[in-house]
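J.: Here you go, one structure.
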Amino acid sequence: MERCSVAQQFEDKFHRKFYYLRLSVTDVCNFKCTYCLPDGYKPSGNKNSSFLSLPEIKRVVKAFADCGTSKVRITGGEPSLRKDFTDIIHSVATTPGIKKVATTTNGYRMAKQVADWREAGLTNINVSVDSLDPRMFHQITGENKFTEVMNGIERAFEVGYEQVKVNVVLMKDLNHHELPAFLNWIKDRPIQLRFIELMQTGEMDDLFSKHHVSGVAIRNQLIANGWLLKVRSHHDGPAQVFVHPDYKGEIGLIMPYEKDFCESCNRLRVSALGKLHLCLFGEHGVELRDLLERDDQENELIERIQSQLQTKSVSHFLHDGNTGMTPHLASIGG
């Protein structure tokens, strides 16, 4: 099948080009993070709620790659809970046009499996670590697995990863005071520490009002202490990344409530049930699964994605308290 011409690069009516696909492969997670799945994973009960198969994943990734996508992040839920996770990595990594294959994981299985992930073609890893205090880690995640996750990060370096990104969801009265400890941790480690503002979702209004804290205070602190903003490349995410000559690590800030946050949007999302989401906080998903049954449906699939892109909003509406249809972040992979 012919690749898309340059004119068919996935692009919306605001001339934003989409180089980055966030592909969820499961909604299931074995952690119970307060800001995501505080009561743990509960199946939807829908008969038709099986997650994307490996052939379906291959087809959707190929369509995106043929239209200019060069980076795929495999998300969940917890993607490593899929028994075929390594096969998924290999399938994505061997798709012509895909240059970066990343995953976001809770790190629970990393110590045992990360060598296999790397061999399969995983180029980048993000691990969620919301506290360096084992007791607070347990309180936030619902699991007493701090040591296992830390061992997983060290193992990633041992098998050859030059950098690991660590995601920290900022929460007032829980972990927002831990900046000095985190800075000390990354001083001699090539970790990009990413502080993510707590985001409002449909089921988390109370948590948001109680624990939301802006990343602006951290940014001001970093700048005052000699940290410098890095230039962003076209396939990077929305993080403002800061570097310091005395630190091996970096700091990223993800602040969705910041003005013009959506201006540099370069990613699209496909859920584990095969729906296209134009925005993490959009009103609805677009069914793609009926066009993932056969290889010869690719042109139709591309046309559907391209036409839906023309309906993508210029911005989310979080400032109006409109969180869209996202009940929790596990539902479409954050």
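Sequential numbering from 1, following the chain as shown.
The backbone N, Cα and C atoms fix where each Cβ goes, glycine too.
Quick caveat, the model's predicted, so the values are computed rather than measured.
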J.: In Swiss-Prot, the GTP site includes R22, R73, T104, R267, L268, R269. Which of K165, K172, K187 does it also list there?
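T.: That GTP site, as Swiss-Prot gives it, pairs R22, R73, T104, R267, L268, R269 with K165.
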J.: Round to the nearest Å and give the CA-to-CA distance linking C265 ([4Fe-4S] cluster 2 binding site) with C33 ([4Fe-4S] cluster 1 binding site).
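T.: Roughly 26 Å, rounded to the nearest whole number.
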J.: Which ones, of the binding-site residues Y35, C36, G77, S128, C279, have a Cα no more than 10 Å from the Cα of T104 (GTP binding site)?
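T.: Of everything listed, what lies within 10 Å of T104 (GTP binding site) (Cα to Cα) is G77, S128.
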J.: If you measure every Cα to Cα distance among Y35, G77, S128, M199, the residues said to bind S-adenosyl-L-methionine, what is the biggest one in Å?
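T.: Maximum Cα-Cα distance: 17 Å.
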J.: So what's the mean pLDDT when you look at the domain 'Radical SAM core' (13-239)?
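T.: Average per-residue pLDDT within the domain 'Radical SAM core' (13-239): 90.
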J.: Would you mind sorting out which of C29, Y35, C36, G77, S128 (the binding-site residues) have a C-alpha within 10 A of the one on R269 (GTP binding site)?
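T.: Final answer: none.
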J.: Just how many other Cβ atoms lie inside 10 Å of the Cβ on C279 ([4Fe-4S] cluster 2 binding site)?
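T.: So the number of other Cβ atoms within 10 Å of C279 ([4Fe-4S] cluster 2 binding site) is 19.
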